[in-house]
Amino acid sequence: MSWHPRYRSSKFRHVYGKAASKDKCYDCVPITRNVHDNHFCAVNPHFIAVVTECVGGGAFIVIPIQQTGKLDPHYPKICGHKGNVLDVKWNPFNDFVIASCSEDASVKIWDIPKHLLTRNITNPKKELLGHVRKVDLIEWHPTANNILFSSGYDYKIMIWNLDTREAVISNPVKILDAHKDVVLSMSFNTDGSLLATACRDRKIRLIDPRAGTVLQEASYKSHRVNKVLFLGNVKKLFSTGTSRWNNRQIALWDQNDLSVPLLEEDLDGSSGLLFPFYDSDTCMLYVAGKGDGNIRYYEISPEKPYLNYLMEYHSHLPQKGIGMMPKRGLEVSACEIFRFYKLIPTKSLIEPISMIVPRRSESYQEDIYPLTTGAQPALTAQEWLNGFNKGPLLVSLKPGSGAVNSLPQFLEAEPLMKTTDLSQHQGQGGRLPPEDMQKRSEMEDSRKQLQAEKKLWKNEQTHLSNGFDLSECPPPKTENELLQMFYRQQEEIRRLRELVNQRDIQIKQLELELKNLYMDIGSY
């Protein structure tokens, strides 16, 4: 008998990592020396936020993404915390709002101005006071607007609704009190209806955040978990941790059965933490080690062996933390499918690393860029708190395209109601079923959003020149300021084009929904 090796065909088999050149790195950045196991870095298409060293409290800096090279030693900071900053996260639906948490047991929300910072920011937009011990983790909800989760050393997870006018919020809308020790990691599924947590008591918990109930609990003795990650579209969980012999270990779990892992693998004997990152568009999983310079990447498949090793990016410079760019900030013309921002405190350097699919053509590659999560919320905060679930609004990365409303891949479409059922509903006091009420509310929200955008556009026209406030942004005096102004105008032009495209698509969607509604009413 002859042995035939098993080959897998994959368009991502030859993905490679490419570090940015020195002139495209961020140099002389005072990266924090804190030993806490967090990323210490958050990135969006406009800014990169990094936790820094600061005397007398905690601080972080926000650098425009185009401002590479050496950083001014007197660069302004965001320094309103009284203790060390432990985590920062950008609002996924507003690139100019960031949340931070600190050892002073507070969470603060900050507005970042569009123009360049000229002085330190010390007054937050909102302050969340509910924890009694230091807060080390924060996460924004993936589909609902202005919903924030925070976790602290009081073993509690608090859910905050930021849709209030109060500057200081002391009462969270929900407190999850299901943990007996410090929460090490939090992760949401695609529509944000489930929360997975890793705790210092070595257990993985699957929680319904609105009900506060634990749906699943894993206490596998041979795997001491540190980080957990939802692989939403394949209904699996991925965790990193250590084995009984203190080897770094990864494990894959079935979302519906956490009793025994589907897969368990030892990687090496290093002591640094493993940070997992998942790209649901390409089904690729990246594992970066703290204290070393390597990034391993795998491809996830729904069938055995589930986890398929692809390659490893090697570097001699160790990373303390690492941030990732959202998909909408990638360079699609270079076939870039993922981008890391690596913190190297020994050199005070932030080094971008691009993961690239080698392609000869420079045209847009639709097969490696499916519809991805956009920057518009699918739900309001109150809708999510009332029990509604909705997948993220998807956009195309193709230049010139706009937002598309779609369901995530793993959700099944609900069956259409029969006319007899509808007539029964109409007979009950003329009330519509919840599904139709939700559709009508979505249409009304879309109309209100369009009207609000039109009013905002008219107001901006009266106060802005080329998209910039002349009172806040004086004319440039040096060549460097002129160049920065040019970049900002280019970014404003790109943003306005995207806004026009999104409005056109929203109008088409409203027309289609009205047509369908009239047809449904006519058929009944």
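Placed from the backbone N, Cα and C atoms, the Cβ positions cover glycine too.
Under the heading compositional bias 'Basic and acidic residues', TrEMBL lists 433-447.
Among the features that TrEMBL reports, domain 'DUF1899' is placed at 6-69.
Look at TrEMBL and you will find 421-447 tagged as region 'Disordered'.
Confidence in the repeat 'WD' (78-112), given as mean pLDDT, stands at 95. Taken from TrEMBL, the feature repeat 'WD' applies to 78-112 (among others).
Annotation source TrEMBL lists repeat 'WD' at 128-170 (among others).
Taken from TrEMBL, the feature repeat 'WD' applies to 176-217 (among others).
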Outside the repeat 'WD' (128-170), at least 6 residues beyond either end, the same-chain residues with a Cβ under 8 Å of its Cβ set are 36, 38, 83, 86-93, 99-109, 176-177, 179-188, 190-192, 195, 197, 209, 373, 377-385, 390-392
DSSP composition of the repeat 'WD' (176-217), residue counts helix/strand/coil, works out to 0 helix, 22 strand, 20 coil
